[in-house]
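S.K.: Structure below; questions to follow.
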């Protein structure tokens, strides 16, 4: 397994729309394993393939609870949603930044597992938030896009300043 580089906002590659996965081969299995390793190293609970410059519809998640063990979502699709929920979110691609985002409280998602088997899952609370957040990445959307242009600009400036400090 290998650690992958997580793209950071405002990297334009984060805006790339992911394409469906059609082949379930050894390369895909390695990509999934590498994404899990990267997510754990970065102390995240979810990672979309676009965040590691792999523009396919692939998400890995581990909420580290008893019910929802590590999950792989390939070509995910929300088939039902209800309720409204506002919660603070963060993102591995926008490090150190947290903001409140409105999302559906409950979602039902249809996807394929790492072997191409279809499954459906109902999610609420953190699980629902994480799924919606990661699925946004597959569409080239970030949680900061839900914020005002002024807040987005401040975040961009803060991250650019931090990147310059890290480069020194």
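Every residue gets a Cβ built from N, Cα and C, even glycine.
According to Swiss-Prot, the protein carries these features:
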ACT_SITE  134  active site
BINDING   91, 133, 137  Fe cation binding site
S.K.: Tally every other Cβ atom lying within 10 Å of the Cβ atom of residue 137 (Fe cation binding site).
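M.R.: Around the Cβ of residue 137 (Fe cation binding site), 25 other Cβ atoms lie within 10 Å.
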S.K.: Indicate whether residue 91 (Fe cation binding site) is helix, strand or coil by DSSP.
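M.R.: Where residue 91 (Fe cation binding site) sits, the three-state DSSP reduction gives strand.
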S.K.: Between the Cα atoms of residue 91 (Fe cation binding site) and the residue listed as 'active site', what distance do you get, rounded to the nearest Å?
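M.R.: Rounded to the nearest whole number, the Cα-Cα distance is 9 Å.
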S.K.: Taking the center of the Cβ atoms of 91, 133, 137 at the recorded Fe cation site, which other residues in this chain have a Cβ no more than 8 Å from that point?
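M.R.: What remains near the Cβ centre is 46, 48, 51, 89, 92, 93, 134, 136, 142, 143.
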S.K.: Measure the Cβ-based neighbour count of residue 134 (active site), defined as the other Cβ atoms within 10 Å of its Cβ.
M.R.: 24
S.K.: Comparing the binding-site residues 91, 133, which residue's C-beta has the most other C-beta atoms within 10 angstroms in this structure?
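M.R.: When each Cβ's neighbours within 10 Å are tallied, 91 leads.
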